[in-house]
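Take this structure, written in structure tokens, and hold onto it; I'll ask about it next.
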């Protein structure tokens, strides 16, 4: 029964293969300063590194019948370019825009333009932090937001994407 589709906890099946036989790909984007995870404010963001989170994401995605393209940039324009390119290569986007969450209309516009299912994720609960962090431009383009669960938020986001893409 190797060809039977993976059944998710919800009872739906895992996303189907691409026309070329490959697994559906999800772009996971990480914004500024996330390359400093593990050393930057560990009391807020934890001690796991971005490489640790990437490893978790690859393993969990494979179990869901997905593959991930995991990227990080400190540059807004690079994030926008990757979002624009995603419309040709990806089935969904998971984004932790970090500080750009609260400031970037350009990232919002790019997400709206590609119209891919998008899940916003944050390591900390942005609603329990400084008032300026409570607003998210990204949320207007996202199917949902997951925040406050640390690195596990990425796992929850992958579960959400798998469900959104399930046939």
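Placed from the backbone N, Cα and C atoms, the Cβ positions cover glycine too.
TrEMBL labels come from automatic prediction, so no person has curated them.
Feature table excerpt (TrEMBL):
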SITE      40  site 'Transition state stabilizer'
ACT_SITE  45  active site, proton acceptor
BINDING   96, 102, 109, 123, 124, 133  substrate binding site
ACT_SITE  122  active site, proton donor
Which whole-number value in Å describes the distance between the Cα atoms of residue 124 (substrate binding site) and the residue listed as 'active site, proton acceptor'?
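Answer for this pair: 6 Å between alpha carbons.
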I'm trying to understand the geometry here, so how far is the Cα atom of residue 122 (active site, proton donor) from the Cα atom of residue 96 (substrate binding site), in Å to the nearest whole number?
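The Cα atom of residue 122 (active site, proton donor) is 6 Å away from the Cα atom of residue 96 (substrate binding site).
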Using other CB atoms within 10 angstroms as the count, which residue among the recorded positions 40, 102, 122 scores least?
40
What's the CA-CA gap between residue 40 (site 'Transition state stabilizer') and residue 96 (substrate binding site) in angstrom, rounded?
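Roughly 16 Å, rounded to the nearest whole number.
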Determine the Cβ neighbour count for residue 123 (substrate binding site): the number of other Cβ atoms within 10 Å of its Cβ.
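I count 23 other Cβ atoms within 10 Å of it.
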Using DSSP and collapsing to three states, where does residue 123 (substrate binding site) fall: helix, strand or coil?
coil
Have a look at the binding-site residues (96, 124) and report the one with the fewest Cβ neighbours inside 10 Å.
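Each of the binding-site residues 96, 124 was scored; lowest Cβ tally within 10 Å is 124.
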If H, G and I count as helix, E and B as strand, and all else as coil, what does DSSP give for residue 102 (substrate binding site)?
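DSSP call for residue 102 (substrate binding site): helix.
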Measure from the CA atom of residue 45 (active site, proton acceptor) to the CA atom of residue 96 (substrate binding site) and give the result in Å, rounded to a whole number.
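The Cα atom of residue 96 (substrate binding site) is 13 Å away from the Cα atom of residue 45 (active site, proton acceptor).
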